[in-house]
Amino acid sequence: MRLVILDNYDLASEWAAKYICNRIIQFKPGQDRYFTLGLPTGSTPLGCYKKLIEYHKNGDLSFKYVKTFNMDEYVGLPRNHPESYHSYMWNNFFKHIDIDPNNAHILDGNATDLQAECDAFEKKIKEAGGIDLFVGGIGPDGHIAFNEPGSSLVSRTRLKTLAMDTILANAKYFDGDLSKVPTMALTVGVGTVMDAREVMILITGAHKAFALYKAIEEGVNHMWTVSAFQQHPRTIFVCDEDATLELRVKTVKYFKGLMHVHNKLVDPLYSMKEGN
Amino acid sequence: MRGGQDGARAPVLQFTNCRILRGQALLREDLWVREGRVLDPEKLFFEERRVADERRDCGGCILAPGFIDVQINGGFGVDFSQATEDVGSGVALVAQRILSHGVTSFCPTLVTSPPEVYHKVLPQIPVKSGGPHGAGVLGVHLEGPFISREKRGAHPEAHLRSFETNAFHDVLATYGPLDNVRIVTLAPELGRSHEVIQALTARGICVSLGHSVANLQAAEEAVQSGATFITHLFNAMLPFHHRDPGIVGLLTSDRLPPGRHIFYGMIADGTHTNPAALRIAHRAHPQGLVLVTDAVPALGLGNGRHTLGQQEVEVDGLTAYVAGEPPAHPSSRGIQESGCCSVELALEAASLHPAQLLGLEKRKGTLDFGADADFVMLDDSLHVRATYISGELVWQAEAARQ
């Protein structure tokens, strides 16, 4: 793995956004060649989305030939509910960029046949040629997407019941009322994300530090599903200082020492403008 | 695309780089319009999988719902209370000229007049949708003749009437058919007013209290019978008194029907009401504030003699004898300049609140999804740069035309 450590949340968000930007542009997407991007929700990626929007508004980055696949969506929440992931993606990303609505895929938590919806999603990913870069986060319980502790590490897109840790973490979006938080969600599986050609996990904040420790310094374990990515050939963990608080000093020093190498991935920052 | 309906194929217009008034706040959001109505872009994206067909950059302007003037007696030489053969043309002229003031809907107002005038004029002012031709007519506002002698203001004494003999029948005899009538201003202390208020309200007509010497109790009883508006608060009514606040006391009365509050019109031109009084009213009851012009035919014209119904009015600069209206259009800008309240509230007082008064708030006075796309483009000083009705540009300031 690469472990990229930045001083604070803003710098981590910016590094991640620059990386995504460069990957898209270097791919040279076009009409017959779409860049496929897996996307997360939650508070962690907000800064990254803001920077990507900034690059788009500056004319440096277009999403015209990008296809996106979101990781998950609540079950039973109306699509236009302010806390649905559809609303999140519209307000925090899609409405600010030039992506074709037909290329923005999010699981439908109100489908009549939920498993069929999940199977169809897997099929769409396959038809799109697989995911080039899957961006994700980590839950305080070490989950990736809604693959709660105990999820199979080779799982596919399916319905999951949320763990108490997750419900507690999400209560803040529902006026702190636990009874209002959805209890089920559709989610890509660990195996689905492992299939991506590249994976980038964003982890910021001290409250995620223990999960990060479990994910990268302990063994591969279905209780901390992000640990599965120890077996992925190309994973980047992007974090801030606070997220490293539970790691060994040795680990942190090693990877900080590699920052000059890591920074070559984001500097120079490419642009889609003419002459760049 | 999915769905074969023509509506779905209609062009989608996206107004960008603007702040829109929504939920009493100015939000940095785009305004999406299709087929004359405000569109939900999130729904368009996820369900129809479409983007805008055309984008218009608003240059950072404020987009507010079009203003609704529920009390305007005429303007630009037109007097709605004159019984001519072609009242329609006069209404049309005013409707067209007020677009430049950001007014997209209005209630032509008739002052106290003899029955012949009502019988001749009312059938000639039908309810009409707005468009490039002019602001929409929501219905007529009849101010008088059932008002108080002492508080008649500019209204001619000779034509004041009461309905104590035959209550609602007297009303019908005076006005004729009420099909085109939207608001009636009356004095509730007149005998049998409760029957009249109930009968008018049952027909969907908004009853307003004004030109009256009613005390608070009489006013409260009128509201309990169905009255929902106060015509130009403070003017032509008893002044606030701490032992009997009169009609003004309705703003804080606890004897109104549950779930209802009173709306009150204010002429925010700095002349009819001292700004300090305006602020007292607004602070006591901000959600009821409705800005009106009470404009007279002299609006937009110079000094000289003009009519106001059966009276003649002399206009000289900013004052008009017989309590008229200065030839400027007091608007949200005026009330905001008086330091009275926030921009957002001032804008709502000119759009949302009059729409709520008339029960139109689902379609008018708002930029919520599904509402009619009647809106104004304003600069930060609240000058009108452009006016739109049903998503169509109907007026534009000179400077903006380049």
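Glycine is no exception: its Cβ is also placed from the backbone N, Cα and C atoms.
Residues or ranges marked as active site, proton donor/acceptor by TrEMBL: B:Asp294.
As annotated by TrEMBL, Zn(2+) binding site applies to B:Glu143, B:His211, B:His232. In sequence order, B:Gln71, B:Thr109, B:Leu110, B:Val111, B:Thr112, B:His155, B:Thr185, B:Gly210, B:His211, B:Thr231 constitute the residues six or more apart from B:Glu143 (Zn(2+) binding site) in its chain with CB-CB distances below 8 Å.
Taken from TrEMBL, the feature domain 'Amidohydrolase 3' covers B:333-389.
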Shell list (Zn(2+); ref centroid = CB of B:Glu143, B:His211, B:His232; cutoff 8 A): B:Gln71, B:Gly144, B:Ile147, B:Gly153, B:His155, B:Thr185, B:Ser208, B:Gly210, B:Thr231, B:Asn235, B:Ala236, B:Asp294
Number of helical, extended and coil residues in the domain 'Amidohydrolase 3' (B:333-389), per DSSP: 19 helix, 11 strand, 27 coil
B:Asp294 (active site, proton donor/acceptor) to B:His232 (Zn(2+) binding site) - Cα separation in whole Å: 8
Local Cβ density at B:Asp294 (active site, proton donor/acceptor) - other Cβ atoms counted within 10 Å: 26
Model confidence over the domain 'Amidohydrolase 3' (B:333-389), averaged pLDDT: 90
Among B:His211, B:His232 [binding-site residues], residue with fewest other Cβ within 10 Å: B:His232
B:His211 (Zn(2+) binding site) in three-state DSSP notation: coil
